[in-house]
């Protein structure tokens with residue numbers, strides 16, 4: 001539908017802008033001497049838990065003030081009627097609508113609470129659809145609605161959500177960690193080029209796991225886009241630099257690394273390349289697993305509900321990250337394998353906060369794109385950010401792109417355009433009407 005296409009385009013633009021902003025903020029943090037990528041990974045992903053509470057609060061306040069505004073409008077019209085004025089047809093219709101809303105007005109707190117409850121019911125209903133889709137023994141019972149928070153958390157669909165998001169958190173953390181480990185063993189060009197092959201891995205997994213029909217056009221577009229990344233990484237010449245950009249949700253790891261190191265400086269280069277290859281496979285698997293286990297079918301849930309559900313899933317992933325990922329960091333620290341440090345200046349803390357905020361915006365947009373389209377299209381779309389990072393560094397910092405880097409970026413864009421054309425039926429699929437209360 002036209003609304004869904006517009007929504008997808010807005011999400012894509014938002015993801016591009018937030019990705020570029022976070023990449024540059026993180027690179028600046030590294031340039032100031034704070035080089036603790038694992039701390040940044042933990043802080044960034046661990047902050048995701050706050051997304052759903054903020055979502056509930058913002059939507060709740062919006063709904064509350066909207067109902068209050070209608071209530072005040074009714075009061076104003078009532079005073080006009082009491083004074084003997086005749087309402088025209090439009091005012092009479094507005095008065096009737098306002099009257100209906102006035103009947104359910106119970107004050108700010110109760111109205112806000114009602115909105116929060118309805119939002120959780122919507123999430124529960126969507127999680128039931130996802131759970132039923134992946135569990136043949138479960139059937140949705142419209143009368144089985146959680147009456148309190150305890151029954152909501154302990155319900156079978158919510159237990160399924162916690163298990164699934166924990167698995168996805170492990171995949172995402174291992175994929176992100178492979179980036180850091182590989183950068184200490186191999187060159188930035190190798191790491192960038194190989195890691196962005198996750199788009200190919202996503203397509204390879206999507207065919208058997210998501211029952212996606214194999215398409216030579218889609219396959220070719222993915223290969224073309226990845227080929228463009230290789231041109232960007234290796235086409236700059238021996239004495240030039242390449243922006244090494246991570247295409248993952250944990251773009252806190254994205255930073256600019258030099259590609260001019262000689263091979264003898266990396267005696268474990270092959271090992272590093274194997275590690276980042278495993279990371280690329282894991283990241284492609286992460287995208288497909290997220291789509292399979294945490295995304296409701298488009299014919300059952302509206303695009304707004306899908307996007308809303310992705311924020312809830314993202315919060316659960318953040319909760320698991322905050323609850324568990326500190327353990328290996330703590331063990332590494334106390335056994336003196338590495339001494340982690342925290343930022344000492346307020347300036348660096350503010351930059352990290354900005355980087356985390358941009359990552360949250362990017363991640364919400366990226367996961368919503370996966371929900372509304374496909375992991376393959378979302379993965380290839382993230383490759384386009386390499387071009388925008390290069391443009392930003394050229395305009396703001398004067399880091400010029402070489403001729404081959406420009407060519408490589410154009411090849412990536414061509415691959416993305418072809419994939420978009422091949423996936424247009426999925427993007428423009430007719431949206432499902434929202435029948436739930438308090439839709440978001």
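Going from the start of the chain as shown, residues are counted 1 onward.
Backbone N, Cα and C atoms are what each Cβ position is placed from, and that goes for glycine too.
What TrEMBL records for 1-22 is signal peptide.
Remote same-chain partners of the transmembrane segment (39-62), defined as residues 6 or more beyond its termini with a Cβ less than 8 Å from a stretch Cβ, comprise 26, 29, 112, 115-116, 119-120, 169, 172-173, 176-177, 180, 249-250, 252-253, 308, 311-312, 314-319, 321-322, 325-326, 329, 340-342, 352, 355-356, 359-360, 363-364, 438, 440. Residues or ranges marked as transmembrane segment in TrEMBL: 39-62 (among others).
Listed by sequence, the residues of this chain that lie at least six past the ends of the transmembrane segment (160-181) yet keep a Cβ under 8 A from its Cβ atoms are 37-38, 41, 45, 127, 130-131, 134-135, 191, 195, 198, 246, 248-250, 253, 272, 275-276, 278-280, 282-283, 285-286, 289-290, 293-294, 312-313, 316-317, 319-321, 324-325. Taken from TrEMBL, the feature transmembrane segment covers 160-181 (among others).
Taken from TrEMBL, the feature transmembrane segment applies to 270-289 (among others).
Residues annotated as domain 'EamA' in TrEMBL: 271-420.
Marked as transmembrane segment by TrEMBL: 309-336 (among others).
TrEMBL lists 348-370 (among others) with the feature transmembrane segment.
Taken from TrEMBL, the feature transmembrane segment applies to 376-399 (among others).
Residues annotated as transmembrane segment in TrEMBL: 406-424 (among others).
Assigned with DSSP, the residues of the domain 'EamA' (271-420) fall into helix, strand and coil as follows: 122 helix, 0 strand, 28 coil. The stretch from 309-336, 376-399, 406-424 with the most CB pairs below 8 A to the transmembrane segment (270-289) is 376-399.
Residues 215, 217-218, 220-233, 235, 373-374, 376-377, 380-381, 383-384, 386-387, 390 of the same chain lie 6+ residues outside the transmembrane segment (406-424) yet bring a C-beta within less than 8 angstroms of a C-beta in it.
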